[in-house]
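Peer 1: Attaching a single structure in structure tokens format; questions to follow.
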Amino acid sequence: MDVRTIPTSPIDGQKPGTSGLRKKTRVFMGKHYLENFVQSVFDAIGGAAGKTFVIGGDGRYFNAAAIQTILRMAAANGAKHAIVGQAGLLSTPAASHLIRKHATDGGLILSASHNPGGVDEDFGLKFNADNGGPAPEGVTDEIFRKTLEISSYRTLDTEDLDLSAIGETSVGQMNVTIVDPVTDYQEMMEDLFDFKAISDLFNSGFRMRFDAMHAITGPYAKAILEGRVGAPEGTVMNSVPKEDFGGGHPDPNPTWAKDLMAEMMSDAGPDFGAASDGDGDRNMILGRNTYVSPSDSLAVLTANAHLAPGYSKGLAGVARSMPTSCAVDRVAEDLGIECFETPTGWKFFGNLLDASRATLCGEESFGTGSDHVREKDGLWAVLLWLNILAVRKTTVAEVLSDHWQRFGRNYYSRHDYEALPTETAQALMSRVTDQLKTLPGTTVHGLTVEHADSFSYQDPVDGSTSVNQGLRIQFDGGARAIFRLSGTGTDGATLRLYIEALETDPTKLSQDPQQALSRVIAAAHNISGIEKLGRDAPDVVT
Ligand code: VG1
Ligand code: CO
């Protein structure tokens, strides 16, 4: 098979963000766009010759066509072997697992995660390294550099490969193994959790609702929850992956998982509710009339993980992204384990997990995971919660209120202002940056600023530094306000305002979060001059 070398030239803006390269689908479908990026990935990692890659995606519009392009290019670049999910589908955590299980050289994951899908929506591509985790900044910087100097890419003239049948096939000289996307993942979950205890829970009449949001987790949740641990058929809703996720945002939060929320926030609701995102790495946890904030979920899982067989020996440490609430910090202190604060994005957890410094990791954006893979993992979090509920034989609401009584409660919320003109968003960031030096010691809305800075992180394992990772303002009494611009959006700029306040008075643990946070919110608005955004309210509040 003749390798074809196609001349091309650099395309602007192929800089990977928080989680890979994300653009409008039509941009990705543009001439040479995908090809330039894929060739740059191979060039950045020292070529693909002789290597093995895992390839799969969340099934969104353009997934099927893009996989064919990537397979041809991998073969043309000399790759030895590709492991591909049947029909081109793999959840992000399942892809991470396959990369590790088969000791491959990495993987290409096609997804824009929680962003909507469709020809007029979003597409994305991410390279994961041989540890199964998102490529660290050093590698993504190198990929970007290669996109700026590319002059040709390599491909083959071949027919599309049939990805429908499990088994061995090939593209050019490259062997291709098509695997069932669920089997290996399910086996790993069997090893971590007490499926017998979870089955007993369902047999005792426990009711659950899982919203797969028409995205990739559908087949995984069906197989494991309904097929393996005995949840009744119909427990999983929106379980068939669709190219456009049914027209919604596959983002498991109260705004986008509206129907699930409505069902759970009622006295007649199921005992337990959960949802996951487009590529299966995020989770939302709910109980009857109970919403568990992702930051609280991380803290609760840290305090209770030992109840699941996979974590019965305890945790080496925990890590959370900087804007994630400090709830887990106090649990770590109580357990006597290390707690790390990293920049936003799962790539920053990889070294800590590889070095066995952290066992659990989490982000406020509905992401939790452990050292079983190198990605966050939606269904894993759901199964860990189920395992804990099965052992403790109590409700989600009780688990949460027990936790707050013991550790105090970090009221928490994130306000997103989406699709802002870039200059307007940047002006707000500059206004806050300009005040960082003078804020400490001043009082705003009755809150005294203890500390203010632009977050930078030095990786404790390899010493690499990442700067400008969000502006944080620490008030007395454990309250914080953080400003950050999103690195995953495709429309203008998205400002994220993260607000938290610590409450330890046992009589004040069940307030409405927005109410409890109102002073911190007012202070954050005041400091940033948020009214200059020209918006009455945030677009999404979580
Ligand atoms: C968002 C979240 C971040 C998460 C990232 C990828 O990034 O805030 O916590 O790691 O999405 O999640 P940003 O830069 O928009 O704030 V997903 O489920 O893409 O894989
Ligand atoms: Co995701």
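Counting starts with 1 at the first residue shown.
Using N, Cα and C of the backbone, Cβ positions are placed for all residues, glycine too.
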Peer 1: Name the residue range among 1-20, 361-380 that TrEMBL annotates as region 'Disordered'.
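Peer 2: Of 1-20, 361-380, TrEMBL gives region 'Disordered' for 1-20.
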Peer 1: What does the DSSP secondary structure composition of the domain 'Alpha-D-phosphohexomutase alpha/beta/alpha' (185-286) look like, as residue counts for helix, strand and coil?
Peer 2: 39 helix, 16 strand, 47 coil
Peer 1: In the region 'Disordered' (1-20), how many residues does DSSP call helix, how many strand, and how many coil?
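Peer 2: Per DSSP, the residues of the region 'Disordered' (1-20) fall into 0 helix, 7 strand, 13 coil.
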Peer 1: With helix taken as DSSP H, G or I, strand as E or B and everything else coil, how many residues of the domain 'Alpha-D-phosphohexomutase alpha/beta/alpha' (295-407) land in each class?
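Peer 2: Each residue of the domain 'Alpha-D-phosphohexomutase alpha/beta/alpha' (295-407) counted once, the result is 60 helix, 18 strand, 35 coil.
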Peer 1: As a test of reading the model: what is the averaged pLDDT for the domain 'Alpha-D-phosphohexomutase alpha/beta/alpha' (295-407)?
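Peer 2: Mean per-residue confidence for the domain 'Alpha-D-phosphohexomutase alpha/beta/alpha' (295-407): 97 out of 100.
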